[in-house]
Each structure stands twice: as C-alpha cells, then as structure tokens.
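Participant: As listed in Swiss-Prot for this protein:
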type	residues	note
COMPBIAS	24-41	compositional bias 'Basic and acidic residues'
REGION	24-64	region 'Disordered'
BINDING	103, 104, 105, 106, 107, 108, 109, 110, 111, 126	ATP binding site
ACT_SITE	221	active site, proton acceptor
MOD_RES	256	phosphothreonine
REGION	381-447	region 'Disordered'
COMPBIAS	386-403	compositional bias 'Low complexity'
COMPBIAS	418-441	compositional bias 'Low complexity'
COMPBIAS	462-475	compositional bias 'Low complexity'
REGION	462-514	region 'Disordered'
COMPBIAS	478-491	compositional bias 'Basic residues'
COMPBIAS	492-506	compositional bias 'Low complexity'
REGION	532-554	region 'Disordered'
COMPBIAS	536-553	compositional bias 'Basic and acidic residues'
C-alpha cells in the first residue's frame, strides 16, 4: 500500500461510498453495495489531498496539529485497528521507528522510508493525517489494511502493523527500494522494457493474481504503477484500496464502475456486471504497457477511451510483432487476455501455463537488468522534487520545490546505491500536469496516469463525449478546473480518436453510426455523465455550496501525483 506518485495518463474511476460520521463499524461494508442509491450520489472528494502540499522542511513530523480529532473518532479507529489481528514482530510505537525521508505522497498522506530500530531493517510507513481526512478516506485506508493483512503471498505487498500517533495513523509495510515499475520505466525504459523482463514481471504478477482470485478477491486496478520492485528483485502487487470480493461460481457479481480508464475492461464501462475477468483484461493492457512504455489510449481523454472500449477493436501488439519488438507468443498472450467477451478470457492459473513464460527469469535477473544503474526510489523522488528538476523544461513539470533530505544514521544502505553517482535526472514524465499538446487543437489532451488522487468530477467537462480537460494556473497544484463549454468543433476528418487503434467516425451519418451515437449518448446520460457531467444550467456554483452532510459525490481517481512507492488509488466507483 505504498504510494508512488505516477503520472502519464490514466484516470481513475472510483467508487462512491456512503458518507459516514464515524468509523465504528466492525465489518466494513464493500463499497459496491447499494449501487442504486449510490448512483444518486456525487462524491465530494478533495482534489489531491496532501499531495498538493510541498514536502516539509522539518526533519520530523510535527508533534502537534492545530485541529484535534474527537475522542470518539479516535476510539473508533483504535477499535478498528485492534480487530486486525497480525502475527508480526514489528513494534506498534512511533518511537521504535526513525523516519528517514519521504518516498511518495497521495490523497491519504505521505509514505516515508523508515528504519525499524528493534529489527534493524528498513520499512515503508504511510502517515495519514486524520484531522485533515474525511472519515470516508479513513474508512478506505482501514479497508485496504484489512485486505493487505489477509494477503499471504510473496507477490503481494506485506502489511506489518498500524497504530495511532497523536492525530496520525501510521501504517507499516514492506519497503521495496526499486519503487514502482511505472517509475522505473519512466527513468530507464520510457519506450518499454525488453520482452524477457516483461515476461518475468508478468509471471510473478499472475501468481499474485492467482492467489487473490482463489480467495474470491478482485484487484480492479492492475497496472505498472501498482507493481513494486524490491532491491532483491522481488515483485509485489500493491494498492488494494479498490479491491472487492466476488461470489464463487457467479458470472456477474460486481457492477461498480472502478479502475483506471486505460486499463478498464469493457464490461465495467457497460455495467453488465463482472468478476475476476476484469483483472485479466487489465493484465493484458499492462502487458502492452510494458512493451510500449505506455498503455493504449494513454493520450486520450476518458470519454474517448470509453468510446474505444465500447466500439473499437481490442488493443493488439500486431505492429510490434511485425517489427520484431515482441514475439508471436507474447502477442498471443495479450490477445487471449483482451477478449471482449469475459468468458473467453483464461483465468490466471490457465495463463500461467502459456508457453511464453518459459523464458521467465529469476529475481536476480531483475536486479542485474531492470534495476542496474538505477538510484533507489527515494533518490529519484528527491530528484523529481528538486528545483533543478522543476526548472528543467518539461511538458508536464508541475512539482513543488525540493524538500530537505530526511537523514538518520542507522540506515540500511541500499545495494542500488553502490558505485552509482546520482545523475541529473529530468523530471519524470509522470508529472501531473494536463497539457494540451497542440494549442491550435485544444481537444487533443495528454492525460496523466492515475495515482489515486481524486478530483471533483464536476470540474471535468464532457462536451459531446470529447471535451478537453484543463489545469488552471490559478489553482493549487494538481487541481483541475472546469473550462467553459467550448463551441462544437469538428476537425476536418471528423476524428474523435488518434492513430493508435481508436475509432474515427466520419462526419457523414449512417444508421449504424447514429445507432452507436444514440447508444453512447444514452449510456453517457446514465453512467459516464455521472462521472464527467457538468453542473446543470443555473447551478454552476453547485459544487462549491454543498453542505457538509451532502452525500452527492462520485469518487474518480486520477493519477495526479508521482507515485514512487505506491499504493494509493486512482479508482472510480459509482
């Protein structure tokens, strides 16, 4: 559950939850329940959370906070944590850990590299500022802790313990010094990793999925941002904030819209109901992402991504196979995962039998090839936050100034640091700014990748299914603002996609085109409009005048922050 601020493009559609005043329930209900009433709600999430704040200049966290959480809420959280039974030697007192430096930040808080004094080892600690958090977010964090605590597999992130420190919730997890695979690719393999590395990573990922699915769990947000790499080459799947249970032998058991658009399966968008097959689809998209360095549709706004999912062909690596970038076996693996009909997709166990995995290597191959020459994730994070990095011309630079380095003497040195001089790295392309690639064509928008930082959906403009997104220079870092509804424009070709397999219907109309258009408009009214719709006429200030108890909000996760040691969620549920 580590946070790994990543940003290329992709955006989260995350579940709306009923607002709660206290977290004093014994068994947290799954966020998919009561979907009909949830469809009437719009989630009022704060855009970016703590991720908007620059890393502090203090050597340690503040000992006091201006606003104190109520005793009732504190006791409620303590009761929740006490119900999470762990078999762990990790201490549950803050004075037994030394925070070294931040390695990521997200909606719920910052993630620090820390040193466990009694055990003499490095860990990752997520620090959640409870006084700044809506109770729903705290509920989500505790839900994720429960899921992680139930995981017992080498390819799933390990949770150790959690406790309250003043008004902060500390979550202790594995420290994986390589950081997220998405971050590694941005720094070292921006155009994709070699097939043998991809196959090695994917095999470990499938083993983790096989375990999850055998325990009736769906991850629902599988992508390279949530794949963490250890200094020893260990590969672990993280970020269980939007995972869900499914009923065994049930074909369609979930209907919540949740995930990151570029990785979402068609059945999620069409609300037909789904099961673990959505993870297999996301796995196939991730397989493409590893070869190309980016997922299909990465440069499209969500509305166009959804259009392609509904009416376009499944993505394929045919071009890469023709060019010799990947083998026929690798392409075949992707094709099997990206069947539009969920029942035609193999399960994780069946996929592990695919011949392509015969070329998978051991973890030491990951160390010698994927991690070789890379500085540890905290160094890359610091570089991306440094003034030199932010001053480097970059189409998506939007990071605050550099924080001071958190130091402590008793630090377990990373093997990645040996004989490596930190180079002057350009800011990661995963920076979180929405930029129009072509000012003359504002409809062409480069979307950042999801990193579990929610923004208000009313700030998104959907005009005829293809309205642009924009970032206001007048707003705090990471905030989107609603731009004026543009006049209806048509490009000369009438294209609504790009050259990478997206649909581009001509301006001329036909019964088939009109049928699709009518269907999508109907679908958008009932689904997509809830995620991206603008406020009703005469209600332009609606989003700014909701009462505290107003339940109307969707949760749509966008990848605003640069995930370095991830887990935070970019997801959508409605």
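Even glycines carry a Cβ here, placed using N, Cα and C.
Help me picture these features in the structure, burial and contacts included.
Facilitator: All protein chains shown were included, and the count of other CB atoms within 10 Å of the CB of residue 109 (ATP binding site) stands at 27. In the three-state DSSP reading, residue 109 (ATP binding site) counts as strand.
Secondary structure at residue 221 (active site, proton acceptor), as computed by DSSP, is coil.
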Participant: Reduce the DSSP letter at residue 103 (ATP binding site) to three states and note it down.
Facilitator: strand
Participant: Compare the Cα of residue 256 (phosphothreonine) against each of the recorded positions 103, 109, 221 and report the nearest.
Facilitator: 221
